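See structure below.
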Amino acid sequence: MVSALPKTPVARPELTRSQTWLFAFPALPAAFIILPMNIFIPAFYASHTAVTLVQIGTVTSLCRIIDALVDPAIGFMSDSLATRTGGRGIWGVASAIICCIALYFLFQPSAHTTVIYYGLWASVLYLGYSLFEIPRSAWSAELGSRPSLRTRINAVIGLFTVAGSLIFWLVPVILFRVYGTAGFTQGTLSVIVWLYMTLMVPAVLCIMRYIPGRSPEERTCAPTLPDLVHSLKKNRPLTLYFSAIGLWAIGQGIWLSTTYLFLNDHLQVGGAFPVIMIVFFLSTIVAIPLWERSERWLERHDIWAISIILTAVTRPLALLPAPGMQNLPFIMLLAAVGGALSAPANFAPAAVLGDVIDYDIWKTRTNKSGIIYALNTLVTKATLAIGGGAGFIILGWVHYHAGQVNHGFPLTGLLSCYTVLCSIPQLIAAVIIFRFPIGRHAHTLIRHRLHGR
């Protein structure tokens, strides 16, 4: 039986535009963590330390599994503390301190660094990032009282995330005259560490000072494990969301695992990979505000679904250019198109999940936003890993040889993964998203019932 609605709360004042940008800003330095840990740092250790590729692969996988299993506990503690105190800002401060320490050691290995050193500081960094990401995601759902405001908050977060990714790639280019190379060195990594410290620490302190927490009237009952089980069993929108995000992430994992191989081995433009990534992120930054404005005419889940479909149907265009640097301008144009069309993935899923959390609060009288966002992180990490593994398994089946020019069946396997197979689960996800039951009107009714209006 669903419990009676809580007493009528007083709705908090909406965030101003400046508060929204302040709240979202830490996503920029946070991008300095997740991007290198997924793409660069393991390879850097393999080429600059005594740690082997096998050791790095094993330890990195173990660290990510532990990190994913810890996420729900972080979400539960975040919800419990928010219920008692009304705030989640302290988690950002704790995260900044932990990440500053971990980045300093992880990004400055010596030639004799061991796998234990790598595993220790990688685990600490993953923990610190989760302490930031999960409470921040839950807080963003609580701050967005209207659908348009929630979309705006998550769009600005996505904007800063992409900007941080762009800055990460630009740092070695800017420091070319200092270090004599446009590649990453310990010097450029040191600059990134100090840049993170300079930006993140003041930002999280300002957020604690200027972003409002939940008032006593807004607080709900503390979540329990039975509450979570009830939500997973009875909350149909939550089940649909997890199904959609899981399918999307599987496809994304296949695409990401084959992107560098496609550009380097097939199109033979691996030397321009950082430039292509810069173009991709720049186009995403430009496109995010345009997609956000489309919510005036479209439901937010429709925006997400349309983006997925457009991205999927345009991927085969990558087969048009012939291999070689002479076609780099056209390849960069395709990267710009891909970045623009996929931009809603940076904000729409979080905004949709925020609506689902409002529905869950209304039905259960408990705020489990931290736990639900932690489960979202767990599902996304797991399915991205499944997709990435599937991409490599398929390439293994067709006897693809990385780092070489392939022909025949192996080449067909790579092209299929990059342009077609990755899109199949994502198109299924788009169908689910189009049929999502919580739109603008339904969410307005939910918010009215939550606030007793």
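Cβ from N, Cα, C; glycine included.
Sequence annotations record features per position, and here TrEMBL assigns transmembrane segment to 21-45, 90-109, 115-132, 153-179, 191-211, 240-263, 269-291, 303-322, 328-353, 373-398, 418-438.
Annotation: stretch 153-179 has the most Cβ pairs under 8 Å to the transmembrane segment (328-353), among 153-179, 240-263, 373-398. Remark: the transmembrane segment (191-211) makes no contact with the transmembrane segment (418-438), by the rule of 3 or more CB pairs under 8 A. Stretch with the largest number of CB pairs closer than 8 A to the transmembrane segment (240-263), among 90-109, 153-179, 269-291, 303-322, 418-438: 418-438. The transmembrane segment (115-132) shares the most Cβ pairs under 8 Å with 90-109, out of the stretches 90-109, 153-179, 269-291, 373-398, 418-438. Panel annotation: around the transmembrane segment (373-398), residues 64, 67-69, 71-76, 130, 133-134, 137-138, 141, 241-242, 245-247, 249-258, 261, 353, 357, 409-410, 412-414, 416-417, 421-422, 425 of the same chain, lying at least six beyond its termini, place a Cβ under 8 Å from a Cβ of the stretch.
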